[in-house]
Amino acid sequence: MSHKAPRRYSNARNFGVERQQDFAADIVPRRPYAPYSRMNKAQNKWSRNLVWTASEGNRPMKNDNTYGSMKSPVSGTGYGPMKNAAYGPRSSSVSDSRGWRSRDNGSPKSKECVCKFWKAGNCKKGDQCPFLHSWTCFPGSAMVASLEGHNKDLKGIALPEGSDKLFSASSDGTLRIWDCHTGQCVHTINLQAEAGSLISEGPWVFLGLPNAVKAFNVQTSKDLHLNGVVGQVHAMAVANGMLFAGTSSGSISVWKATDNETDPFTYLTSLEGHHSGQVTCFTVGGQRLYSGSVDKTIKVWDLNTLECTMTLRQHTDTVTSLLCWEEFLLSSSLDGTIKVWACSEDGSLKVTYTRRQAQSVHALCGMNDAEVKPIMFCSYQNGTVSIVDLPSFEERGKMFSTHTIGTITMGPGGLLFSGDKSGKLRVWNLAATKV
């Protein structure tokens, strides 16, 4: 959010949910509270002293112009995010091939498969097993922690600025807070409702619930209840000083950040009648917001007017994830495709490449590797996450899980967090991904 924020907020201290313990005292600020105007600036230059962080020598190179135009809807301060440039210049054309094609010629990496017996903990072949006994075959990476406690689908993972606590929310009705020094769960909050989404922006954590969004500042320990939502919140994004929440009804609720000390987020409007089903995902590129839905469409919204300017209809099933890279929009779907969209001569968005998979695609995440080259993580139904180069889609490696990974979040210093349908949260170290 590029705007100023109030110094003080409401005196409510219950994060909008009933609980027996006060967890705010355990979320210790690591530096003075920063105004909103600094949230979307460059990467953090301060250390959170995470127990999972690799040695300094193995960390990826820093680059202020990282990874084209993608900006994570989860956080503006994550590791190696794509820079949010203006999306789709009118001069660009769908005829611009940019190498959008698979260059995977059946390399050994693409055929590696983790042993199903090893995953279940009962492989008896040991070193003689022809299959992988590892959660990853991406060179230099490792699964460094498995955080167990949730027992249903993870809906979001957030590591807010100014905190050494990791937040996770699940459809099991709990919010868990994990200590990054020990990997232990320090608090479990009974939400008394199913969580649908969780994101962070700067020091703020936003939690999507039925008919409500909760906002909590980890640096001031202030918490808010944002009204104006009708339906379960399944997706959220921050852009242009506004918070967007997509609901099960297909509407998108919008709040504007203000300088009002007692009411820092003012309900602005609800974008109605455009999606005929649940809003599943958002991404931001330039002055546009993109929303995906179970109605198989992608809506393009002008961030200045909040009007829907385009409807994209090429998917044949639920749109699960959206990602911006340079002048391109990438979308994934339960129809088993990843589509690349580019601006045509008349300014409309057209599909310039379709990558077809044998199974549904559930999540996309983009970042830079140690050589500042763009890579993308693609999560599939069978619990595999394919790691590919852009724009070639050449596969570099894979990550594995026992269940479908539905959420992938970037962290600082080469960390990546994933949450699967069983509720398992894993921490991955990608700091040595130079290959």
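Glycine residues also receive a Cβ, built from the backbone N, Cα and C atoms like all the rest.
Any TrEMBL annotation is an automated prediction that lacks curation.
As annotated by TrEMBL, compositional bias 'Basic and acidic residues' applies to 98-109.
Residues or ranges marked as domain 'C3H1-type' in TrEMBL: 114-136. Sequence-distant contacts of the domain 'C3H1-type' (114-136), counting only residues of its own chain at least 6 positions beyond either end whose CB sits under 8 Å from a CB of the stretch, comprise 142-143, 397-402, 426, 428.
For the zinc finger (114-136), the model gives a mean pLDDT of 78. TrEMBL lists 114-136 with the feature zinc finger.
Marked as repeat 'WD' by TrEMBL: 147-188 (among others).
If you look up TrEMBL, you'll see 272-311 (among others) marked as repeat 'WD'.
Remark: secondary structure over the repeat 'WD' (312-341) totals 0 helix, 19 strand, 11 coil, with classes taken from DSSP. Summarising the annotation, TrEMBL assigns repeat 'WD' to 312-341 (among others).
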